């Protein structure tokens with residue numbers, strides 16, 4: 001009897017302990033959610049506070065009534081949009097924790113091992129240390145022409161959108177045919193976007209056969225400048241239209257036209273949402289800028305060794321073999337590791353280091369270029385947090401504007417429009433830069449991306465859904481690296497003489513299995 005009572009007492013203690021653990025977990029979760037809600041509301045309230053008016057250098061002084069009217073017009077066009085506040089990048093905060101910084105050190109150690117393995121293999125094969133970087137020299141080829149092309153693109157974006165808006169805003173109130181005036185200058189702006197920024201840089205890239213990295217520089221800058229030009233026009237036109245609707249207002253239109261310095265700052269700022277002013281830090285930490293640029297350079301060499309050690313040796317041989325299911329499965333799983341490393345390197349080099357370096361040089365204070373996408377338990381949350389800079393542009397200028405035009409009746413269609421635009425632009429970038437059309441990324445976006453967005457939605461919580469998200473992400477990276485690498489080598493092993501349009505659309509890797517020595521190694 002005594003033994004049974006002891007066992008019953010132990011069982012009750014264990015039950016009480018489990019209940020206490022569940023209670024502790026629930027309390028902590030409620031506390032975390034309340035703290036997050038409080039911090040979000042605090043940030044929103046601080047962002048909504050109107051800063052003290054700063055007089056423009058070249059603008060005439062305004063009366064109190066005119067200042068009030070101007071604040072009203074600016075608030076009507078920007079108050080419902082993105083709010084910029086003082087925020088650090090998440091990784092900068094996490095790297096202050098020793099446990100998280102150790103993971104960063106592990107990646108550095110892996111880079112050292114890649115370098116050592118390459119040097120040892122080259123020493124065994126060649127009998128000497130080989131320190132050439134032929135692959136980097138190749139992918140960044142024709143760099144002087146790249147610089148010239150970028151300068152022309154930037155100068156055109158600096159002059160054309162600003163001049164068109166300045167001309168339109170200055171004469172819109174005076175013109176008796178405001179609608180025709182708006183249609184004319186709007187058509188000129190769209191013509192510039194399509195021809196000046198859309199066609200001409202692409203023509204230069206294709207005509208001169210830019211190598212991949214040089215091509216990525218021009219095409220990514222092309223897309224970035226087009227998005228910035230659209231944001232500048234989209235944010236400022238409503239203010240002029242709102243002033244024109246107020247017939248009783250005698251306020252001048254000149255304060256509504258941004259200063260050229262504001263526009264130039266926006267073109268370099270790490271955001272795609274235009275504002276006349278952004279929160280600014282008081283000083284520039286040049287040591288921080290130097291460290292971020294060195295990390296970008298380190299990531300570049302890291303990617304070089306990933307391709308040299310993990311990709312090129314595999315795809316040189318597999319690209320000449322017969323295309324079958326077994327080879328495809330092995331290729332995908334062998335490509336997961338380099339695919340994941342390339343994903344991490346692209347995120348860390350661009351979204352963290354590159355954007356933070358420019359933000360620091362410009363004293364740009366809102367550093368939320370990404371969120372904790374690695375904790376996502378749904379693909380819907382992953383899409384929102386992976387690249388906040390692009391997501392904000394798509395959300396405000398595609399999704400929200402579509403809902404406004406449809407009077408908020410077709411939310412699913414708006415989401416589909418965002419996915420389609422993102423997929424088309426991504427595929428356009430890869431097709432131009434790789435020199436072939438192989439819509440792998442488009443299919444992953446539109447098929448699996450859309451499906452996972454609805455299946456793995458925000459109501460999915462718990463660690464298992466984070467595991468599923470990572471598993472799908474790893475497989476997707478393996479598929480992308482495998483298929484695009486196979487097609488890259490197939491295009492060089494099996495070139496077509498005067499191909500037809502249908503032959504250009506058919507992937508060359510499906511039929512290229514010649515047992516010959518490759519003439520091109522990279």
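Start at 1 and count along the chain as shown; that gives each residue its number.
From the backbone N, Cα and C atoms, a Cβ is placed for every residue, glycine too.
Curation plays no part in TrEMBL annotations; they are all automatic predictions.
Within the set 81-102, 103-124, 213-234, 367-388, the record from TrEMBL flags 103-124 under the feature transmembrane segment. It is 286-307, from the ranges 44-65, 286-307, that TrEMBL records as transmembrane segment. Each of 180-204, 256-274, 286-307, 436-455, 467-486 was scored by its Cβ pairs under 8 Å to the transmembrane segment (136-160), and the highest score goes to 180-204.
Using the rule of three or more Cβ pairs under 8 Å, pairs at least 6 apart in sequence, the transmembrane segment (436-455) is not in contact with the transmembrane segment (286-307). When Cβ distances are compared across the two stretches, the transmembrane segment (103-124) makes contact with the transmembrane segment (286-307), since 3 or more pairs at least 6 residues apart fall below 8 angstroms. Counting every protein chain shown, the Cβ of residue 426 (active site) has 16 other Cβ atoms within 10 Å.
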